[in-house]
Structure formats: structure tokens, C-alpha cells
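> Found this in Swiss-Prot, in case it helps:
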type	residues	note
DOMAIN	5-240	domain 'ABC transporter'
BINDING	40, 41, 42, 43, 44, 45, 46, 47	ATP binding site
């Protein structure tokens, strides 16, 4: 599968007199239809990276290729039309008096025909389960509902790429999981490419690959399973240790023969049943 995004030795500084660059020779790619999670401590360069991809910032050196085109000042708006951004606080994105108006806003700015706008808005709201809230004021929605509307606004633009900048961090665990599953379903149905900046284990677990950033550089890329198998190192990377990994580690320390590495709760349940049946 070909890369839809590629960064080659990208360097960026916010200030000329910085002792260390914000990004220092960052190189990685994102495949078409892939879900890539980007993790790392605050200040590691995560948000700077996605702002460079969206053309909100300009690299000092290196190159960024999006959907086969080198990102430049002359084509930045064309590139942005291929990318939908969803931020941590959806209130900062709302501009419409109603949910319907807000989702339609970007489409109206593109000069799309009224009937097409109506069809796209209805379809996008249906995808995120918010079709019954069309006439509601965004300010009266819950945090999870607001994020669903923000995602609908992005999806209605028919982008090839969705970027989530800690989009689930302000939600409760239940709302967070529901939103992640909604995004996954949309990604699977429409072959969207998803990049998510996150500290949430459920979000990381659903991704295809995980990119770890540290001090403005790429520390590693791996599958979620490979990342979770790093055990106590996860704390240093800004993640908690998954519950199932902690259970496996404790069982191994007690001498029980159980497979090492990350297991889902269902996989752990199966392993425990097999272990008990042999006792």
C-alpha cells in the first residue's frame, strides 16, 4: 500500500535562538487507509508535526509530501482540502448556530450546491449518530456529542485524511471508547487515513501502527502489541501500562507459563481459562 503522507528529514524551530530544535530531522510515512497513533510526552513534537502536515506551520528544512504532492506555500490550501482536523476542544471549532449549520459551514465556503450540502450534512450526522440533534445549539451538547459533531464536520468535507489532536482527552472513559469506535467504523467504511495524537490506550490499541516521539525526534515505530510489550518503559513514554499487561507480568513473576506481550481482555481471559484447566 502506498504512502499518502511522507516526512523526510523535517526540522522546525519556533524561535531562532532555541538550544534544541522543536523537530530534529523527523522522517516517517503514513500508508493510505492506515491508522497511525502518535504518542510522547508534552513537548516531544507531536502537535508541531501535525500542524506541519496541515500546512499551519512551514518547516525550516526537509520536505512533506501529501497524497503525492510536495507541500508548498502555493498548494497549501489544496492540500488542506484533503485533510480534516479535529482538536481537543470542539468549542473552538464551532461557528454555526445549530448543529446542522455548523456541519454545513465548510461546505458552503467551498461553494457546493445547496442540495449536495444537505445530503452531505445528513449523511455525516448519520455516520456519527447525531442526526436527531440537527436543530440543537452546539453549546447545549455534551462533550462527547460535541466531538461527534466536530467529526461530522470534518467527514462532510470528504477528506482523504483525518487528524485527531487529542480529540478524546476531555471525555469520560465511556464517551471516549464510543467515539473511538465511531471513528474506526468510519475509517473502515471509507478507507480514510487516520492520524491520532493520544495518550489513550484504547485508541492506541485500535491503531495499525504507533509512532513514539521524544525530544523532537522519532523514538520508534511499532505495532500496538510491540509497544505494549515494552512494559514499564511505557510510563517513560507518557502512557499507562495496560491492565492486561500488568496481569501477565504478575503471573509470570509468580512462575505461571503464560504468553508474554500485550493481550486484549478476551485473549487474557482465554489464556487464564487454559491455565486453570491444566492445574
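Backbone N, Cα and C define each Cβ position, glycine as well.
Remember, it's a predicted structure, so these values are computed and weren't measured experimentally.
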> Is it possible to get the count of other C-beta atoms within 10 angstroms of the C-beta of residue 47 (ATP binding site)?
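Counting Cβ neighbours of residue 47 (ATP binding site) within 10 Å gives 19.
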> State the count of C-beta atoms found within 10 angstroms of the C-beta of residue 42 (ATP binding site), not counting that atom itself.
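A 10 Å sphere around the Cβ of residue 42 (ATP binding site) contains 8 other Cβ atoms.
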> I'd like to know which of these binding-site residues, 40, 43, 45, is least surrounded, judged by other CB atoms within 10 A.
43
> I need the most crowded of these binding-site residues: 41, 44. Count other C-beta atoms within 10 angstroms of each C-beta and give me the top one.
44
> Residues near the ATP site, 40, 41, 42, 43, 44, 45, 46, 47 excluded, by Cβ within 8 Å of the Cβ center?
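Going along the sequence, the neighbours come out as 48, 213, 238.
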> Return the average pLDDT for the domain 'ABC transporter' (5-240) as a whole number.
91
